[in-house]
Amino acid sequence: MRFVSLAVGAALLGAAGASSISSNVGLLKANGVALGNWEAAYEKASAFVSGLTTDQKLALITGSNVESTNGNFTPLYFLDGDMGLQDFYYVSAFSLSSALAMTWDRDAIYEQAKAVGSEFYNKGVQVVAGPTSQPLGRTPWGGRGVEGFGPDPYLNGLATGLTTKGYVDAGVIPGGKHFLLYEQETNRTSSFGSSGEGSPYSSNADDKTIHETYLWPFYDAVKNGAGAVMCAMTKVNGTMACENSDLLMKMLKTELGFPGMVWPDMNGQNSAKGSALGGEDYGSSSIWSTSTMESFLSNGTLSEARLNDMAIRNLIGYYYVNLDNGRQPTRQTTDVYVDVRANHSKLIRENGAKSMALLKNEGVLPLSKPRVMSIFGAHAGPIMGGPNSNVDVMGSGPTYQGHLATGSGSGMASMPYLITPYGALTNKAAQDGTVLRWVLNDTYSSGGGSSLVPSSTSSTAVEPSFENFATGSDICLVFINALAGEGADRTELYNADQDAMVNTVADNCNNTVAVVNTVGPRLLDQWIEHDNVTAVLYGSLLGQESGNSIVDLLYGDVNPSGRLVHTIAKNESDYNVGLCYTAQCNFTEGVYLDYRYFDAHNITPRYPFGHGLSYTTFHYSSLAIKAPSSITKAPKGNLTVGGPSDLWDVVGTVSARIANNGTLSGAEVPQLYLGFPDSADQPVRQLRGFDRVELSAGQEAVVTFNLRRRDISYWNVKTQQWMVAGGKYTVFVGGSSRDLRLNGTFFLWVGS
């Protein structure tokens, strides 16, 4: 949800039972976590809090100004989001996180985060409500999957960590969200009647699933400097996430060593006692009123140590990113002219092009000065009300009647402008002398006898229809999208109107290219095998430069290198997880999401996770594996910020030679997948490495993947540790989860 400051003014749900904790679990300096480079920030925060009265500490943790003998503190200002500042003028609209993940480019992910963070910093905003690791994408029907980095924990985790680091390096506090298991919009706040007692749904998952899938990316966030974490508005295993001490005090603050503050999503704080004891550190002054909290202190419900810990956690991120140095510009009202965009439009255009995946190409792309080109679909052009028209998915249809380049709710950017494909293609046609025709509608059939369309056969005018414009065109571009976002899940994974448009155009045009921008998996089987559908570009939402990014790819100014971050199935029924419509949402699929499920059940996808083509070709060879012959079963390192210190140690490497054996320069994304010994009870194979390597025609390079201890570990529910299984590991390197060109094995002997 949107945040404008540390002041929760939303209506809060009735009280519910809270988890209880032992006295010192999760408290800084009492939980056994070595703070490392957070130590100086802790000392500053602790010194400030030591001079506060109880009332001042309560003011601090409820977002009020604090004036003390130690100095003054103004409440932090929180704002969405990962795609750029909301509600401000003169800011950039970046690609959404799901698009950025499709670049599979560590540098691109980091540089965008640093650019976003710099705009927050220069606008006087202290906290980014992001990165958005979750929703992870448990179900393709989930409305907010577009805001995250995809359903693979490894890829999601690396992107989450790099984004966190980018924000920190820009001088702002990253606020990772949503913690935890928040995977759909349906019934996130709704009443279920007497059985649900007006509560949101409960996501119920076992310990192994939580650790190996949903908690995994938060390790990366914490390791890379997250100073805040937003607890979700829903329940986890029957307890509100913001009151769940197992999640917050045990897993997040102790196991992961998180030193920062936990603050609630809207409606996330349910009761004063439950949230205070459960692990929330910032709350509403109407719930944590002075009288209520002082009564908790006096009767022993809340300890002074816990209150001090809450106060310190509210400050530690501020000191960690050096916001106390006084250099940050003062925040102005949203419409005051403070232009913070720098040259970010160039970065947005480049990342947008890097992110789109070429799924199919039968030699039609790249384009070269076509004589007659027709474009079709509402997604090609602008919406009538402009790019900042409110994208409200609640009550809207499954598609957007204009070019979709940003999300909704917390995923919506403040557009300074929007380059549509129609606009960019018009400029290109003018340069090339191309005749350009268009129907910017998904269901248009004829001109209706308009007097503006002459009927004379000697005229060059053509009565506008899909059939008429497609006939005689050298190239036909059909633009389609899929809409969903905060507040509403998806109702379909394909669209009858758009699919009929593609088929109609393809029936009349032997070079039909489909351009798809979607909020999640979008089925293509209604037309993908049509003989005249000769190419498909597929991506997420690209931000203000969207049209330029797409045209750069269509004409070959950029060679496609994007890769899928989800599996595209042939049928909706191929996916194993749908939406949950009951109060209890049981994650019975465990760790088997997306390609892990498809592999386990030998389901053939239309396009696999990691797939993407290029205008050139690449050859893989020379697999080399360097792994230890033995390793301890469990990590032995100290508990640090980010978990046991040696969980992050590199314990082996895998390398392969990649050669560009085509005729054009391009970038390849080699991917490493790992198969575990049977005793680890893991999926068939899991992503455990990737790289993006740019190669000129004829050039080759050796790519090396580092295997960390955590990459070869599984969660042992009995010992409550990350453990390494002894036995045979199988290594696969290739271009997708199904395009596995090299393979090898290594054996590990595991000692105590």
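Cβ from N, Cα, C; glycine included.
What Swiss-Prot says about this protein:
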type     : residues : note
ACT_SITE : D265     : active site
CARBOHYD : N187     : N-linked glycosylation site
CARBOHYD : N237     : N-linked glycosylation site
CARBOHYD : N299     : N-linked glycosylation site
CARBOHYD : N343     : N-linked glycosylation site
CARBOHYD : N441     : N-linked glycosylation site
CARBOHYD : N510     : N-linked glycosylation site
CARBOHYD : N532     : N-linked glycosylation site
CARBOHYD : N571     : N-linked glycosylation site
CARBOHYD : N586     : N-linked glycosylation site
CARBOHYD : N638     : N-linked glycosylation site
CARBOHYD : N661     : N-linked glycosylation site
CARBOHYD : N743     : N-linked glycosylation site
SIGNAL   : 1-18     : signal peptide
Point to revise | Minimum Cα separation from N661 (N-linked glycosylation site), reported as the residue among glycosylation sites N187, N237, N510, N743 that achieves it | key: N743
Point to revise | Residues near N510 (N-linked glycosylation site) in space but at least six apart in sequence (CB under 8 A) | key: D531, N532, T534
Check your understanding: Which three-state DSSP class does N187 (N-linked glycosylation site) fall into?
Key -> coil
Check your understanding: Cα of N237 (N-linked glycosylation site) to Cα of D265 (active site): how many Å, rounded?
Key -> 18
Review point. DSSP on N299 (N-linked glycosylation site), three-state: which is it?
Key: helix
Check your understanding: What's the CA-CA gap between N299 (N-linked glycosylation site) and the residue listed as 'active site' in angstrom, rounded?
Key -> 29
**Study point:** Shortest C-alpha distance to N571 (N-linked glycosylation site) - which of the glycosylation sites N441, N586, N638
**Key:** N586
Practice item. Taking the Cβ of N441 (N-linked glycosylation site) as the reference point, list residues of the same chain whose Cβ is under 8 angstroms away and which are at least six residues distant in sequence. Key: G377, A378
Point to revise | C-alpha spacing of N638 (N-linked glycosylation site) relative to N343 (N-linked glycosylation site), in angstrom | key: 43
Exercise for review: Using C-alpha positions only, work out which of the recorded positions N187, D265, N586 is nearest to N638 (N-linked glycosylation site).
Suggested key: D265
Exercise for review: Mind telling me which of the glycosylation sites N187, N586, N638, N743 has the densest Cβ neighbourhood, counting other Cβ atoms within 10 Å?
Suggested key: N187
Review point. Do you know offhand how many angstrom separate N187 (N-linked glycosylation site) and N586 (N-linked glycosylation site) by C-alpha?
Key: 14
Exercise for review: Would you kindly give the Cα-Cα distance separating N743 (N-linked glycosylation site) and the residue listed as 'active site', rounded to the nearest Å?
Suggested key: 45
